[in-house]
Amino acid sequence: MKKKKPKIAVWKFASCDGCQLSLLDCEDELLTVADEIEIANFPEASRRVLKGPYDLSLVEGSITTPHDEERIHQVRRSSKYLITIGACATAGGIQALRNFKDVNEFISIVYANPTYIDTLETSTPISSHVPVDFELRGCPINKMQLVEVISAFLKDRKPVTPPHSTCIECKLKGNVCVMVAQGTMCLGPVTHAGCDAICPSYNRGCYGCFGPKETPNTASLGDWLGEQGTGDPEILRVFRGFNAYAPSFRKESERHEEKKPDH
Amino acid sequence: MKKKNRTIKVDYLARVEGEGALHIEIKENQVSDVKLKIFEPPRFFEAFLRGRDFKEAPDITARICGICPVAYQMSAVHAMEKALGIQVQGPLRDLRRLLYCGEWIESHTLHIYMLHAPDFLGYEDAVQMAKDHKDVVERGLQLKKVGNEIVSLVGGREIHPVNVKVGGFYKVLAKTEFDHLKERLKWARDAALETVKWSSRFDFPAFDQDYEYVSLSHPDEYPFNEGRIISNKGLDIEAQEFENNFREDHVEYTNALHSVLIDRGSYFVGPMARFNLNFDQLSPLAKESAKESGIGDHCHNPFQSIVVRSIEVLYACDEALRIIESYEKPDQPSVDFEIQEGVGAACTEAPRGLLYHRYKIDEEGQILDARIIPPTSQNQKTIENDLWQFVPKHLDLPQEKLTWQCEQAIRNYDPCISCATHFLKLDIVRS
């Protein structure tokens with residue numbers, strides 16, 4: 001008897017849609033993958049909505065509203081396996097910059113009638129609210145890693161997504177180190193691999209869009225950047241980017257906030 | 001049996017980017033209320049851009065949208081360059097046009113094949129459509145891929161490219177690195193031509209409207225990054241005059257602000273506006289295909305925007321080929337400049353239409369103030385107006401069919417709701 005296809009759902013919270021677009025950007029693989037699974041809920045791509053429970057949920061975006069805070073629990077309850085995709089879902093995203101400020105000030109800057117806006121004071125990752133089975137990093141995620149994660153799920157094995165740093169990828173590509181050779185600020189040593197070291201390949205420093213690697217020594221890199229003459233405001237900004245609320249990046253950015261720029 | 005009172009409700013609009021809902025009330029066979037509700041959570045980009053370095057604007061604003069990040073990067077760098085008093089010309093300017101061609105091809109093709117065409121052919125999505133029309137969907141996917149290949153090559157990756165910089169690029173490629181793209185683009189041009197023919201045969205509801213179209217216009221080229229903002233009803237201004245001519249209103253039921261022309265009201269941006277205002281600047285092949293498709297040199301039915309989008313894909317393939325053929329690697333990847341305080345505004349043509357950015361920076365290049373007005377907020381009122389007009393003409397349709405057609409009327413605009421919710425700096429509050 002033919003095995004029933006696993007039901008997959010794609011969910012969106014606060015985000016730019018880029019990570020779920022990665023699935024549609026799998027131009028060569030999309031129809032093959034679609035043959036193996038039942039796309040049961042994917043509003044960006046389809047009007048069709050099948051009822052849960054879902055075998056696999058892919059969750060994009062961070063939690064920023066009281067409604068979404070409730071909704072993620074419903075998603076978790078209806079999902080056997082839940083994978084978060086991208087920097088928003090795994091670290092709170094760029095919108096987590098509000099976590100360092102007073103959100104009411106943000107609302108009054110942006111909107112004429114702040115009372116219409118219903119938002120939380122923070123932007124938090126999915127794992128702050130419900131248990132997550134696997135986190136895929138990146139702003140945006142790498143589409144081939146997404147295919148790997150879905151394939152691994154279908155074959156009931158662990159996904160192969162290397163935990164090492166962007167530096168290793170960069171060395172494997174044979175790039176000349178932009179930090180050593182040009183003195184360019186680069187987060188490669190502490191950033192999770194997965195992008196194929198594109199920034200150094202395009203003559204610029206890594207800005208950490210894949211978030212912290214496993215056990216990153218951010219303090220050492222922060223000190224070293226300072227010794228090379230990079231000012232605290234600049235070090236703070238580079239750690240406070242698309243993964244600003246990931247604990248190790250957050251801690252390092254705060255360390256440079258405490259210091260005054262003149263020492 | 002016909003009901004006199006009806007409600008058309010779509011809780012979560014599908015096949016658009018981001019989260020939105022639709023609510024239409026019909027009383028005594030008259031439309032009494034239309035609300036396009038955008039419930040995408042606000043992300044406050046204008047607020048947290050304050051205090052960031054000017055160099056970060058293209059990377060940060062790209063994150064407003066994963067579908068059209070190049071548009072954000074292009075508007076950001078052009079606005080910053082105005083503030084800094086510099087101009088990027090020659091091959092660097094051409095490369096920016098090439099990058100935009102890539103985004104138009106991938107974004108338009110995504111919309112044509114995966115989001116919009118299934119409506120005309122009666123499928124809920126492109127995967128279902130592929131079961132009966134595999135060759136067509138594969139052609140769409142491959143055409144989209146060519147657009148993504150351009151963005152990846154020039155920009156580093158297809159979503160949130162890394163190579164765009166104030167003053168130019170971080171790295172520029174040698175001419176030979178584009179060789180492989182040339183063959184791909186020749187195939188894409190044929191596929192785009194087929195797309196125009198294919199889409200022009202769809203069954204379009206009769207729905208010509210009298211719109212005010214707004215787009216950039218440039219004396220020498222179909223507009224991407226430069227030009228004056230013009231309309232078919234007399235508007236003709238520079239980008240820095242945008243805020244004197246347009247106003248944004250905060251409406252209670254939506255997280256996106258409604259943009260209107262002051263004293264005139266709603267207007268229409270996007271492919272149809274560009275096409276109607278700049279037909280003469282299209283490539284000969286694009287003009288010819290427009291004529292053969294039956295559209296001719298103007299289009300006032302938003303349901304036919306799928307054909308206009310296809311014509312723009314064809315133009316973008318032609319333009320990309322022209323740029324690659326005449327390209328010579330510049331000596332430097334970006335122009336040199338001194339950081340200075342200033343204010344700069346710029347508009348570029350995102351796939352969905354006019355995208356406005358304005359920044360104020362201090363003498364160290366720190367952003368003091370940012371304002372961004374994306375195309376979807378500009379079209380919101382026009383989308384609602386369309387529904388006010390469309391629904392009364394189709395009250396005989398069964399509920400499910402009418403609901404679907406209303407969704408389709410919204411998808412005509414390829415609305416990008418993620419773009420539309422972050423909005424503006426508002427110190428101009430009205431009484």
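Every residue, even glycine, has its Cβ placed from backbone N, Cα and C.
What TrEMBL says about a protein is an automatic prediction, not a curated fact.
Summarising the annotation, TrEMBL assigns Mg(2+) binding site to B:E46, B:I372, B:H422.
The Cβ of B:C416 (Ni(2+) binding site) has 31 other Cβ atoms within 10 Å, all protein chains considered. Per TrEMBL, Ni(2+) binding site is recorded for B:C65, B:C68, B:C416.
For B:C68, B:C419, the entry in TrEMBL reads Fe cation binding site. Same-chain residues at least 6 positions away in sequence with a Cβ under 8 Å from that of B:C419 (Fe cation binding site) are, in sequence order, B:E17, B:G18, B:I64, B:C65, B:I67, B:C68, B:R352, B:P374, B:P375, B:T376, B:S377.
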- Task: Would you mind listing, in sequence order, any of the binding-site residues B:E46, B:C68, B:I372 that have a CB less than 8 A from a CB of chain A?
- Result: B:E46
- Message: What does the structure give for the C-alpha distance between B:C416 (Ni(2+) binding site) and B:I372 (Mg(2+) binding site)? Integer Å is fine.
- Response: 14
- Please state whether DSSP places B:C65 (Ni(2+) binding site) in a helix, a strand or coil. coil
- Message: For a quick check of understanding: among the binding-site residues B:C65, B:C68, B:I372, which residue's Cβ has the most other Cβ atoms within 10 Å?
- Response: B:C65
- Taking the Cβ of B:E46 (Mg(2+) binding site) as centre, how many other Cβ atoms lie within 10 Å? 22
